[in-house]
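What follows is a short report on a single structure.
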Amino acid sequence: MYAKVIVDVPAKQTNRAFDYEVPSALRKWVEVGSRVGVPFGPRVLQGFVVELQENTQLDVKRIKPIQNVLDLVPPLTDELVMLGRWISHMYLCHEVTALQAMLPAALKAKYERAIGVGEEFGEQSLLDMPDLQAIVAYVKSKGSVPMDALMERFAADGALIKQLLGAGILTEVQVVKDRMSTKKALTVFPPADGSGLEQALSELPARANKQQEVLRYLMEHPHAIRLTELMETVEVGASTVKSLADRGWIELREVEVMRDPYAGRAFARTKPLPLTEEQSRVFAEIRAAVAEERHEVFLLHGVTGSGKTEVYLQSIQQCLDMGKEAIVLVPEISLTPQMVERFKGRFGDLVAVLHSRLSNGERYDEWRKITRKQVKVVIGARSAIFAPFTQIGLIIIDEEHESSYKQEESPKYHTRDVAVKRASMQGSVVVLGSATPSLESLERTRRRQDRAEPPYRLLTMKERVASRPMPPVAIIDMREELKSGNRSMFSTALYKAIEDRLHKKEQIVLLLNRRGYATFVMCRTCGYVSTCPHCDISLTYHQSSRMLRCHYCGYAEREVTECPSCQSKHIRHFGTGTQRVEEELGKIFPGIRVIRMDVDTTTEKGSHEKWLTMFREKQADVLLGTQMVAKGLDFPDVTLVGVIAADTVLNIPDFRSAERTFQLLTQVAGRAGRHEKQGEVFVQTYTPEHYSVQYASQHDFIAFANHELDVRANLGYPPYQRLILVTFSHEQVPLLVRFAEAFVTRLKEIALEYSTKQIDLFADAVSRDNSFQMDVLGPVASPISRIKDRYRFQCVVKYRGEDQAAEIVGRTVAWFEERSSKEKLLISVDVDPQYLM
Ligand code: ADP
Ligand code: ZN
Ligand code: ZN
């Protein structure tokens with residue numbers, strides 16, 4: 001038997017499957033999706049088996065055997081291996097990169113240097129010496145021994161070991177291992193139903209009262225118990241328990257334990273709620289599709305507070321009733337304990353949770369619950385879409401419009417598209433839920449049935465549960481405030497509203513999508529702005545440390561008090577960051593209790609949870625933060641939401657800025673008045689007339705979407721055309737420009753070949769509307785023209801029609817890499833980019 005193996009080297013030359021022989025001893029263990037160790041040139045590499053065959057086209061004599069198998073049960077399924085191939089074609093990445101992305105970090109390969117027996121092993125002459133024999137026999141008995149272990153064991157024999165290596169009797173080998181091991185814990189096993197313990201008790205001397213206590217405890221509780229737990233309960237030391245084990249009365253051995261991040265937490269069980277009329281209508285559609293095992297994609301547009309989660313929960317129940325599995329994806333920052341509670345509360349131990357705040361070990365153990373089929377539901381961020389389930393009935397993507405569903409590093413996949421692909425392979429249902437669906441998804445609901453990519457079905461929930469009203473949104477023109485002499489960052493209206501809530505002891509959420517103290521520092525005399533010496537970006541002032549920081553590369557320098565350019569002392573902080581708002585609040589409202597949540601205050605593990613719990617327990621009046629405070633939070637006493645500056649997002653030069661502004665305003669407004677108390681929202685802005693601000697204040701998603709879709713159609717942007725962003729970087733500009741231009745020229749040539757071929761083949765069959773069409777914009781300097789001392793250029797490929805574009809760009813990249821390999825030029829391709837930076 002032969003296996004096709006993708007090896008763990010993400011490079012162009014190794015981006016294909018290599019043939020290996022499956023030795024008969026391993027035949028039962030090697031499957032599609034297995035991780036194996038294989039010899040590759042002088043090394044041993046980890047690889048993934050992607051195909052098994054009876055034959056090989058290659059010369060059998062030259063085919064090497066698989067060295068070892070890393071897992072008893074393959075960590076990837078056949079289906080995930082196929083999905084990996086699709087991702088590599090679709091997003092132009094190496095296949096192994098796609099496969100690796102599906103596994104928890106704990107399963108990333110670790111290569112250990114070890115000593116094994118070499119080719120000259122049969123050579124006897126040296127083996128007359130007993131010292132040498134001992135070493136060789138030891139290595140042989142172990143197969144291979146890690147280098148440091150061997151050096152430790154034969155500490156005095158360094159010279160001999162070197163001699164054996166020189167003679168080829170021993171040789172250096174590489175061993176592939178997992179980065180993470182399972183966790184083991186010493187566990188006490190009393191004899192079955194406690195028999196014999198009474199006898200033991202009588203044999204103990206009277207003064208051994210600690211040992212007696214342990215035995216008595218175990219007689220009352222005759223089942224296995226973790227050693228540490230026993231020590232705590234009976235208040236004894238480990239040696240006491242060990243001495244009982246030494247006498248053979250109880251057994252003490254290591255048992256694998258799961259690292260459960262939610263261990264010891266009780267989740268109150270919840271029952272399905274009686275659905276509202278809107279919920280029932282939507283649920284009936286989803287349930288029917290799940291029950292009929294019909295692949296279908298629903299876009300669930302439900303306003304904030306319309307009860308989408310209850311619909312998700314009952315749809316999952318339908319899945320479980322059929323013995324099938326479900327995946328729930330939520331954006332990383334809204335995967336709060338509150339969210340987890342809702343799913344664990346309904347489905348208990350059937351739920352695994354995967355998010356990036358888990359330690360690698362915890363993540364690995366949650367993941368193993370899936371492979372062992374101990375759970376039926378996974379709730380997690382982006383990468384949980386790769387949960388190795390085999391019977392998926394339903395995939396839910398909550399807040400489907402979130403740009404964090406696009407992975408920024410290779411493989412640069414979009415979770416939504418991967419989910420739809422995976423669901424189509426397994427025949428499962430997808431529910432995309434949002435109060436502000438992405439325009440890409442909305443447009444898919446309006447497509448004709450006969451397109452190659454079938455349409456999604458739109459489901460709508462317009463009302464909040466219990467007919468709670470949407471909060472009124474007031475737009476405040478900050479230019480008018482300035483005219484009337486108010487130079488503070490709070491408008492008079494917002495100021496009064498905050499004062500009022502403080503008085504009533506109700507809570508406030510304030511949003512400013514910018515961290516730090518001030519966006520940049522400028523000299524008022526000469527206009528000098530402090531910028532990062534490595535990146536083309538201005539530095540941000542952080543008040544607590546009095547440092548200027550680069551948010552791209554982490555560079556930091558002391559605050560300047562004198563202009564480095566003209567020595568003037570008139571240095572001013574421009575703009576506003578969360579830190580500055582916090583300070584200002586303290587000045588205006590003495591005694592106000594503010595929790596600030598942004599990247600700087602949530603780096604510590606668990607801090608995110610800590611802040612939210614404090615706010616829930618009303619230990620603070622104000623929750624102030626970046627978009628972190630806008631998503632998914634549900635606090636009954638929040639009756640005021642204030643947006644300090646709606647323009648921070650709007651002013652970013654990107655075609656999605658209006659859409660992001662609308663989403664952010666709608667989401668944060670949705671935090672107000674979710675329960676009995678009526679809420680109120682104030683949006684401060686310098687561009688009150690902008691349609692994204694206007695429609696958000698009217699809670700009118702469809703009107704906004706129609707307006708924005710017109711804009712996109714006119715400009716030829718997604719969802720009507722698709723984009724591929726190609727970015728080049730190098731330390732020298734002239735070389736960079738030359739290569740970028742050569743790339744674009746070649747790209748256009750290849751595209752032309754394709755389009756003429758296409759027209760020849762399909763001249764009559766394809767209507768003008770469907771035909772492939774491609775434009776290349778650029779190359780131009782990237783909006784951020786330098787990062788970490790590398791200059792950046794980019795071009796944007798805009799296209800319509802089916803997916804040859806990725807293939808065309810892929811061929812151009814391959815052509816290009818051959819020509820630029822010596823130049824340290826980096827090229828990165830982003831298909832369906834979320835940001836054009
Ligand atoms: P969304 O995710 O759409 O913003 P949620 O799922 O958070 O809305 O629901 C808002 C609130 O309404 C929650 O407190 C939830 O428990 C409650 N809720 C949802 N469905 C019902 C129902 N059928 N009956 C009563 N309360 C409900
Ligand atoms: Zn100056
Ligand atoms: Zn920098």
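Glycine is no exception: its Cβ is also placed from the backbone N, Cα and C atoms.
Annotations in TrEMBL come from automatic prediction, not curation.
Look at TrEMBL and you will find C523, C526, C563, C566 tagged as Zn(2+) 1 binding site. Among the features that TrEMBL reports, Zn(2+) 2 binding site is placed at C532, C535, C550, C553. TrEMBL lists 289-455 with the feature domain 'Helicase ATP-binding'. Marked as domain 'Helicase C-terminal' by TrEMBL: 555-710.
Contact annotation for binding-site residues (C523, C526, C532, C550, C563, C566) versus ligand 2: C523, C526, C563, C566, each with CB under 6 Å from a ligand atom.
Under the DSSP three-state reduction, C523 (Zn(2+) 1 binding site) is assigned to strand. Compute the center of the Cβ atoms of C532, C535, C550, C553, which mark the site for Zn(2+) 2; besides them, the chain residues with Cβ within 8 Å of that center are P533, H534, I537, L539, H551, Y552, G554, Y555, I787, K788. Checking the binding-site residues C526, C532, C535, C550 for a CB within less than 6 Å of any atom of ligand 3 leaves C532, C535, C550, listed in sequence order. For the pair formed by C523 (Zn(2+) 1 binding site) and C553 (Zn(2+) 2 binding site), distance between Cα atoms is given as 23 Å, rounded to the nearest Å. Using a 10 Å Cβ-Cβ cutoff, C553 (Zn(2+) 2 binding site) registers 15 neighbours. In sequence order, R524, T525, G527, Y528, P564, S565, Q567, S568, H570 are the same-chain residues whose CB sits within 8 A of the CB centroid of C523, C526, C563, C566, the residues recorded for Zn(2+) 1 being left out. Each of the binding-site residues C523, C526, C532, C550, C563 was assessed for Cβ neighbours inside 10 Å, and the highest tally belongs to C532. According to DSSP, C563 (Zn(2+) 1 binding site) is assigned to coil rather than to any helix or strand. Looking only at other Cβ atoms within 10 Å, the busiest spot among the binding-site residues C535, C566 turns out to be C535. Recorded residues C532 (Zn(2+) 2 binding site) and C526 (Zn(2+) 1 binding site) have their alpha carbons 18 Å apart, per Cα-Cα distance.
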